[in-house]
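TrEMBL annotations:
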type	residues	note
BINDING	His78, Asp89, His190	Zn(2+) 1 binding site
BINDING	Asp89, Glu125, His376	Zn(2+) 2 binding site
BINDING	Arg215, Asn273, Arg286	allantoate binding site
Amino acid sequence: MTPDRFSALWRSLEPIGREPGTGGYVRYSWSRADLATREWFVEEALDRDLDVETDGNGNLWAWWGSSDAGDAVVTGSHLDSVPHGGGYDGPLGVVSGLLAIDLLRERGHGEPLRPIAVAVFTEEEGGRFGVPCLGSRLLTGALDPAKARRLRDRDGVSLAEAMEAAGASSDNLGADPSRLARIGTFVELHVEQGRALADLDRPVGVASAIWPHGRWRFTLTGEGNHAGTTAMADRHDPMLTFAYLVLAANKEARLADALATVGRVAVKPGATNAIAASVTAWLDARAPDQSIVDALVDAVVRRVAERAARDGTSVEWTAESLSPVVDFDGGLRDRLAALLGDAPVLPTGAGHDAGVLAAHVPTAMLFVRNPTGVSHAPAEWASDADCAAGVRALADVLAELAYP
Ligand code: GLV
Ligand code: MN
Ligand code: MN
Ligand code: MN
């Protein structure tokens, strides 16, 4: 697999959903861009004589070989993006899966003894409906389909409505135990979301664990009023409570050696000359240990509630998603690290479908070096040469697992 071979397939996907100017991506699930990436995937899979299916949760599967023995080796990732995100988070794993199959065939491998599939999971980022790993959570039964159907995007469109508008049905959302039972091993290749591999001067690594993390939605309610006629002392301004929330989250995270981010906010009515009536803010919190995450969120909630009492506002909060710690299968991790020439083994604070699947099947992840270390932003990057090295590593892994 040469860098040019990687580049040729990569460049065919690259323009879809890319914004002119920043080079960032907006590929929300079930949007026009998402449908175009799905179409791209189906065409590429059919070109390779793979059997393509869409499951009831909108996840795509491209199969090489078929069996119901429950021993399939599945790879893949996602094609959706965060708002204005990078191009590699997700798509690199999907493109690499297709190219790894090409490479296995070029190396003379016939139909695998354990079937191989490339999967594309729906809405891994939660960029549209708020719940990350939507497709894999539904597949594994970790998310109630009735609740999922009611999730709403920024414009108030429900998941059920978005699926219908995209020509898909939400009738079959939910746990799919027979499909899950077909998976014997899952391996996700992903761009690294940090600089560890760059610092180690290695192109490919293996994941050890995913930190526990979650998303909490805060609704801060005050009293909308005129910016020019309301005395400062008479205000009930939820923007003040919001500002305090951001500072408290930052401070508590620093104290706890954790990570806390408020990266999304919606202000109503959102006028320069009106005191806000309400603010909705989303807190993302992560740490190596669940007890640290819990203590951090408790502290933020307590401090924000105290502040709200001073501001004359009210606070409600709810957990939108919780992702427990994931320790990837140790035997598989060590086997793959050895196979890949003592590849570095790294933990990550980023969530992945692999983390959801790991509770059900032996699962591993490969990371490809990202020299900028940036992710969820347009500067996320990997060189064609490193991506080609990632494809070779994935092909080695699939060969090891699927031709026992
Ligand atoms: C998804 O990429 C996440 O870690 O939030
Ligand atoms: Mn991501
Ligand atoms: Mn991802
Ligand atoms: Mn992710």
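Using the three backbone atoms N, Cα and C, a Cβ is placed for every residue, glycine included.
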For His78 (Zn(2+) 1 binding site), the one of Glu125, Arg215, Asn273, Arg286 that lies nearest, given that the binding-site residues are compared by Cα: Glu125
Inter-residue C-alpha distance, Arg286 (allantoate binding site) and Glu125 (Zn(2+) 2 binding site) (nearest angstrom): 15
CB within-chain contacts under 8 A for Asp89 (Zn(2+) 1 binding site), separation at least 6: Ser81, Val82, Glu125, His190, Val191, Gln193, Ser375, His376, Glu380
Sequence-ordered binding-site residues from His190, Asn273, Arg286 with Cβ under 6 Å of an atom of ligand 2: none
Cβ neighbour count within 10 Å of Arg215 (allantoate binding site): 21
Cβ contacts of Asn273 (allantoate binding site) (under 8 Å, same chain, 6 or more positions away): His226, Ala227, Gly228
8 Å Cβ shell about Asp89, Glu125, His376 centroid, Zn(2+) 2 site members excluded: Ser81, Val82, Gly85, Gly86, Gly90, Glu124, Gly127, Ala350, Ser375, Glu380
For the Zn(2+) 1 site built from His78, Asp89, His190, further residues of that chain with CB within 8 A of the site's CB center: Ser77, Tyr88, Gly90, Pro91, Leu92, Gly93, Glu124, Glu188, Val191, His352
Sparsest Cβ surroundings (other CB atoms within 10 Å) among the binding-site residues His78, Arg286, His376: His376
Cβ neighbour count (within 10 Å, all chains shown) around Glu125 (Zn(2+) 2 binding site): 24
Entries of Asp89, Glu125, Arg215, Arg286, His376 (binding-site residues) sitting next to ligand 3, with Cβ under 6 Å as the cut-off: Asp89
For Arg286 (allantoate binding site), the three-state class that DSSP assigns: strand
Other CB atoms within 10 A, centred on His190 (Zn(2+) 1 binding site): 26
